Structures are given as structure tokens and as C-alpha cells.
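Asker: The following feature annotations were taken from TrEMBL:
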{"type": "TRANSMEM", "residues": "C:16-35", "note": "transmembrane segment"}
{"type": "TRANSMEM", "residues": "C:42-61", "note": "transmembrane segment"}
{"type": "TRANSMEM", "residues": "C:102-123", "note": "transmembrane segment"}
{"type": "TRANSMEM", "residues": "C:190-216", "note": "transmembrane segment"}
{"type": "TRANSMEM", "residues": "C:237-258", "note": "transmembrane segment"}
{"type": "TRANSMEM", "residues": "C:270-298", "note": "transmembrane segment"}
{"type": "TRANSMEM", "residues": "C:310-328", "note": "transmembrane segment"}
Amino acid sequence: MGILEVKGVGKRFGGLQALSEVTLSVAENSVHAIIGPNGAGKSTLLNCFVGKLIPDTGSVMFDGQSVLGRKPHEINQMGISRVFQTPEIFGDLTVMENVMISCFAKRDGAFRLHPFETVAHEQDIVEQAEQMLMDVNMIDKRRMHAASMSRGDKRRLEMAMCLAQEPKLLLLDEPTAGMARADTNNTIDLLKEIKEKRDITMAIIEHDMHVVFSLADRITVLAQGTPLVEDTPENIKGHPKVKEAYLGESA
Amino acid sequence: MKFLGLSRKDTRFLIIVILLTLATPILLQPFPEGSGLATFNAGYPDLMQRFAIFGIFAIGFNILFGLTGYLSFGHAAFLGVGSYTVVWMYKLLDYNVIWGLPLAVIFSGLFALLIGYVSLRRSGIYFSILTLAFAQMSYNLAYSVLTPITNGETGLQVYGNDAQVLLGANEPTSPHFFGIVMRENFWEPTFGGWSFTFNNGYYFTAVIAIIVFYISLRIFRSPFGLMLRAIKTNQTRLNYTGINARPYTLAAFVISGMYAGLAGGLMAAMDPLAGAERMQWTASGEVVLMTILGGAGTLMGPILGAGFIKYFENIFSKINDQVLHGWFAFLPDGLEDFLIGVSHFFVGKSWHLTLGLLFMLVVIFLPGGLVEGGQRIAGLFRKKKTTGGGGDPEHHPKETPHVAE
Amino acid sequence: MDAIILQILNGLDKGSAYALIALGLTLIFGTLGVVNFAHGALFMIGAFVAVTMQKLLGLSFEQIDESKTDFLGNPLKVEVPYVESWFGPDVGAALIDWSVPLAILFAIPVMLVIGFVMERGLIKHFYKRPHADQILVTFGLAIVLQELVKHFYGANPIQTPAPDAFIGSFDFGAMIGFDPNVIIYPYWRLVYFLFAALVIGAVFAFLQFTTFGMVVRAGMADRETVGLLGINIDRRFTIMFGIAAAVAGIAGVMYAPILSPNYHMGMDFLVLSFVVVVVGGMGSLPGAVAAGFLLGILQSFASMNEVKSLIPGIDQVIIYLVAIIILLTRPRGLMGRAGVMED
């Protein structure tokens, strides 16, 4: 029984069957990659996990509870954090404030009216956020305006924000899309480090095979909205079906 | 030096604001009476009261617009509710403002809860239109079917046959606070050519303004304030961080509505009248203008904006042909007439033209408002001091300025 | 039945004005992505073009009429309009009488120029700025325009009558078989409606059947792609802004006989037109037109005594109420596209 159980999920947009009969299981404390050619339905599938889309058919169970019909913030509070293709951060706030918001969300839940406390006096939150920033080597940037950082740093910050919530499942939507090789490698190192240091399950949607094969414990290949195969990276590499559907296309 | 839970910097800031507010009757009378520049004096009770009242209105509006970025075009409705509540308390009980003001805050808060709950289901321009629609509805109703409550076009005021059940035999017959009559001055000293007016009503509003400014300072520094700023910068991220933005925004909406109600109540506390025109959308536009002009999202901005607009509204509308002739008298006749002709566009009754132009200029060149302008000027001086340090400024990590500045 | 027809008719002229303003607002929003709060001011300027035309044509000089005498027995001084002395009394008088429709000829170039200047001078700097900034800067511009007009024309409404031929009303009911004198409709309002229909038709035909219109429509749907095709979309959008300004302007010209122009009429109409645009759906031209007429007619129904006695005050709030309900139930308005202005 995996932490995320997806059964028979289908989603239709007008005349386009974006997803059909998607079934997969993400095991706890593993890194599960979902790959597939463009338009295979990877992002649609991910959006079904986080409450942005509601599938027409099937079920998505997280930690024994259905996520369907819940709002994004509710699903996040259940323990799913998400990293976006282009880093979504609070650009107008400082790096420290960005991480502190995650810490508040973890401590206080979806809403708590606390207009007369002072952020700077919230010792536990400040400490947690500083610790998190140290973990991702960003502590010296804590007073920086988040929007003024490089893309790599923004990605790192977004990751820190997700990790600060100590999620059970971290969803990564093409975390290295549009990155230079060096930044990609840094991201891989960061993810490896996270994987080693923390008890965390990750589901990655990725285009870059290098990233996938360096990180994943298990891979699901999606083509035209349905899973083709699910296996270990070693087996996937040589799989003829995969070559045909995916590697063949890119060759 | 920590004070009322504020950081050292904020405490200093608050103290400066308090001193400036209390010294306003002196600071705004820099020119001796009867001198040519006396037109620019602003230290009379009526105007100073307006500074404080609109300051409160703008401080509250800033909590919504400045922090969350939700642009409401309907806040004048709460202003009106506040005024009507206070005048009704005069009519029913007596002229003591102690009854009306808290009720004005409560009623406008409830009204804001209702309007906010509905309007906040949408964002962006749809939200603006919804708030505008609600406010216009209130305005139109106040003029028509609600006449029994609002007295329609005449405006609500106290009549001799009103109940006023608490009215004592020796009680003042104009708004007062436990016998301190708003429209009376408690000290009118003259020093040489200078004369100053210390007015009860001004100090009453000023003390309230300081209290609500302190509250807004605390909100800015609180986790709640942090969430509101997060809403403005990236709501998607906030949702995916497990935070429900709507109740936070609604709370901000209600708080700013209560500020507006308080401001409206104070208007009626200074002058026991309430009219529907206070609810018109132009009044909402005015507070938007003040906030933007001063600097939305900054603590000081709305106060500066409110003061700036009310000051220039007053001064510019006072300037008439006589004053202009006085100024341009030294010029040859033709040129004098020409300059006076040109000035006509901007002063007296045409002051709104100046306001409109100013508004455009600020939005175009200084989106951060007067506060940003001040920061830029201060920045120029600072740069001069530290030049020679070398290095490309682009490659230095940019530190975010504190919100207060 | 007759009452219903009467209310529909009564709603048409206001609805026409809403539709015309909303059409321009939507064109500007759809093409340039700009929320133009100064659009009402353009409508107001149009109305004042009509006022100016009437004043210009009425300019006169004093002449001594030997054939008449005043009460002292001296020859009477009469005011003779210049146009009458130039073109003869008949043509001159006709020109004065027809000054409002004539003002359209004058208003189109004026409004086009104002539109171009506005777009090139101000609006184009705001394409990339947040909608709030656009609203604020055009709001400032609206104040400036309104105050300028007030400066030159004063604060009081200026009566601007329609040509004599259209003054008065006709019995519409009798024409379609109802009893006489139940459905009486002023001629000019009918003219206004027909005129509005014509302008709306022309704008749609222009967008539908010309290459220019096709490019603009494509640009509304996907600006970047059209830009990539090497088409200078910006210039076309400038022209589109001019056209939107001209539509608002001539809508104002023709409205002058219905509502005596005053400096704040633009703001009054703007608020309602924005509500119309939102109800119709941001960015949808048919939506803007449909919502304009719908709200105009609803408003006139709400003003019926029967309705007012049933729900007091409904005539004051109906438009806003409808707007609120539609926004809450159909967030994109009646015909709005997805993803427009949702942030």
C-alpha cells in the first residue's frame, strides 16, 4: 500500500481525453518519477493530485484519504507540498519571510487570526526558518528580496519552503525545466541530499532523463494519458515499449 | 527601548508620528498672520480635523489595498454607515460621541463583513466592480427608499423634537466627549504675528488616529500582516502552502471597513451631519488616491497622501484672483494676465484638475508614491556618501527595505 | 403587453448608450488589455462636441433690420447667425437645426485624434503595468478631461436640442395595432436606437469582413502569435483605440439631445458601462452589446410604478443587483472567455 494510490483516473477536456485509466502507487519514502513525451498528461495528472483539477473518473487516495474535491490548501495541509515548473515564491517578500510563511502554515493551519503578535517575536518560527535556510545553504541570503534572486536560488528557496512544512509527499513538476546544466546538477544534488537526510516521499514529473535516472527508485511511463509501464530505472532503460513511445520520439 | 511590543525602530517611528500629530497646530502655522504666505497656513481646526479623519480612513484602506492588493472601489459606503450611526445616536440618546463611535465601528464592520463575504468570491477587477456595485447600491438606496433612515437629500441631522433621552439639562448641544465640546478651542495663543488654535475636536481625532495608527503598525508586523502581503505577491503559492487566503482577505476587508466607519463617525462627531454624498463612489476614489499618492503598502504613505490631498485641496481652492494678483503683481500687465489665466486651470474651483494631473504623474513616474519619492531622494544622498566603494550595484544582494520606511 | 413594449422601448435608448460605451471599452480591453476608466470621459467629450457645434453654428453678429422697429420706433437690431448670412437664411437655419447630426462629421476626426494621442502618449506605457495602475492612471485622466470641460463650459447642463423634425413623439402603439396613446415614443430616441444599431453593426462588420478586422480579432485572441507573424499589431491596436474613442464620441454626440450634456455625465455612464462590460463578460464584444441592452431594458422595467410598489427602491439598484448576481453565478459574465482578467 503506497502513500499515494491513484486508481483509474480519467480526465477529459472537451474532445481531448487527457487522462484515461491511470493507476499508479507511490511507495512511502521512495522517489517515484513520472515521465512521458509532451502531451502525455503528466501535468494534468499532477494537477489532479493537488486539487487544481478534479478527475472525471477514478480515485486519488493520499495516506488513506481521498483528495478529490478538496481545495489546494486543504490538500497541502494533509501533507502534500508542490514545487512548480517555474518557481512560485513570494517575490515581494524576503527569503526569510518566504520560509516563515511555510512554518506558520505548518504550525497554525490554513487560517489563524493573529493580528497582534509580532512576526519577529515568534521564536519557534524564526528558529525553524533559519534552520531550514541553513540546511539549503541560503542563510546568508535571508534578507534578500526573493524576486531579485537567480532562477536557481528561487528553485532552492521554493524547495526550502516546501521542506519547511515537513510534507509526507513532495511533488516536483519538472524541477529542472529551463535550467542550465550546472543548475540542473545542483538541483539533483539538493534533491539527493533531501532524500538522504529526510523521511520523505517524492513524486517527480520530469523531461530530463539524466535527472530521472539519477534520482528515481521507480518510474512510471505515461503516453497519451495512460501508464505504459511502471518499473525500476534499470528495467525502464531497456524497455522496448518505452523506447518506442518516448525515447524513439526524441531520437 | 521596547514599547508596547514594538521593535526599537518602530517605537522611534511611532514616537515621531505622535509628536508630529500633537504638534500639528503649530507646525501647520509657519507663516505669521496677515503675511502674503498666510494662505499656506493650515493650522485651523476644521482642516486639521480632516487631516486626522482622512488619515484614519486611508490607514484602514491601506490595510486592505496596500497589503493584499485588493482594490476596493466601495469603501465610501462604510464611511456613510459610520456617519449615519453617530448622528442617529445623537438623535436617540444625546450629543456625547461615546455612544455613536463604537457603534459606528461595529455597524460598518458588520456591513463590511456582508459586502466582503460576497465580493471576495472574485478577485482582480471583478472584485473592484463588485465593491463598486455594492457601494453605489447603498448610495442610491440612501437617497431613495432609505430616506426614513437617512433623511435623503437633506441629510441626517438633529432636530429639536428628537428624543435625545439622555440629554441632561446643562449638557452641550453640539457633539462632545463627556463635556469636552468638539468645536471649542482650549487654547488660542498668539506669539508676535503668529496665532495658533488648539481645538478639542482636533485633539480628540488625533488621539484616536494615533491609536489606530499603532494598531495598523502592529498588524503590519504581525503574522497576519505577513499573510496579507503574501496574498498580494503570490496567491497561488499561498494556496499551495496550505493557507486559505480568503478568510485573511476578509479579515483585512472588515478591519479596513471598520476604520472607514470610524472615520465616518468622526466626521459626524466634528459636524453633526450625515449625507448620502459621503457614500458616493467619488469618495471611494478619493481614498484610493490618497493611499496611492502617499505610497500603498507603506505605513506612512496613506497618512502623507491624506494630508497632502486635503492640504492642497484646501489651499488651492482658496487661491482666487485677488491672491493671484498679489503674487504676480510685479510682472508686466500682459504677462500677469496670462499667468493668472493659466493658473485658473489649476486653482480655485478647478483644483480637481490639479489633483487629476498630480494623480497621473504619480502613477506614471512614482508608482510607489510619495514615500518612494522620499526614499529615492534619501537614496541619492546615501549613495553620495558611500561612492568609491566600487563594484556593480547589480551584483550586490539587494536588501529589502523595511515596510515602515 | 403594451406596458411591456413601452418599457422595452424606454430601455432601448439608455441601453444603446451603454452598449456603445461598453463596446469601446471591450475593444480596448480585448485588444490592448487595458482597463480604460477614461472611456466615459470620451463619451462626455462627444456630447460636448455637439454642444460646440451648436454654439459655433449659432454664432451671430448684430444687424439692423430696417423693416422692423423696436418699441421706441428705432430700427430693430437682430442677431443674424453667420451661417445664415453665408448660405442664405434657409440653408443656414437648416444647418443650425441639424447641428447635432452634423456634429458627428466633426466628432469622428476629433475623437480619432484624441484616441491616437491618448494611446500613444499615455496608454501604451501601461500595457505591461498591473490593471490597478491602468485603472488609476486613466481615472486621473478622466478627472483631468472632466475638469477641463467644466472649465470651458461651466458646471450646468447645456440644452442641445435635436433637429425640429425629430422633436416630439409618435404613437408607436397605434402603428402596431394597440389603442392610441398607450405607447408613445419620442422620435429622437428611436433615431438614437437605430443609430446605435447601425454603429454596432458597422463595428462588427468591420471586424468580421476586413483584413484589418481579422488581424485585430486574431490579436485579441493571441497577441504574441500575431506579433510573430510579422504583423505590426501595435499600430493596428492604436487605430483600434482611435475607433473605440470615436464610437464613444459619436454615442455622446447623439445622446446630447436626450440628456443635456454636463461635465460629470462621463463618470456617471462609466460606472454603469463597466458594470455592463463585466456582466457581458470581459473581452466579449457581443456580450457587451447584449448586456448593454439587457441592463437598459431591465432598468426601465424596474422604474415601472407597479414594480416599484412591489419592491421599493428596485429602480435604484437593479443594475448593480443584476451585476452582483451574474458575477457570483457566472464569474465570466454572460459571454466571457475563460482566463480573462481572473487574477
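Quick reminder: no glycine exception, Cβ is built from N, Cα and C everywhere.
Automated prediction, rather than curation, is the source of TrEMBL annotations.
Help me understand the surroundings of these features in the structure.
Answerer: Packing against the transmembrane segment (C:16-35) from elsewhere in the chain are residues 42-43, 119, 123, 126-127, 131, 134-135, 138, 192-193, 195-197, 199-200, 203, 216, 219-220, 223, 237, 240-241, 243-245, 247-248, 251, 255, 269-270, 272-274, 276-277, 280, 282-285, 287-289, 291-293, 295-296: each is 6 or more residues past its ends and has a CB under 8 Å from a CB in it.
Away from its own ends, the transmembrane segment (C:102-123) comes close to residues 32, 34, 36, 38, 42, 45-46, 49-50, 52-54, 57, 95, 134, 137-138, 141, 237-239, 241-246, 248-250, 252-254, 256 of its chain (Cβ-Cβ under 8 Å, at least six residues beyond either end).
Here the transmembrane segment (C:237-258) has long-range neighbours at 13, 16-17, 20-21, 23-25, 27-28, 31-32, 39-40, 42-51, 100-101, 103-104, 107-108, 110-116, 118-120, 123-124, 160-162, 166, 188-189, 191-192, 195-196, 199, 203, 206, 212, 216, 219, meaning same-chain residues at least 6 beyond its ends whose C-beta is under 8 angstroms from one of its own.
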Asker: For the transmembrane segment (C:310-328), give me same-chain residues lying six or more residues beyond its boundaries with a C-beta closer than 8 angstroms to one of its C-beta atoms, as numbers and ranges.
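Answerer: Contacts of the transmembrane segment (C:310-328) (Cβ under 8 Å, skipping residues fewer than 6 from its ends): 272, 275, 278-279, 295, 298-299, 301-303, 334.
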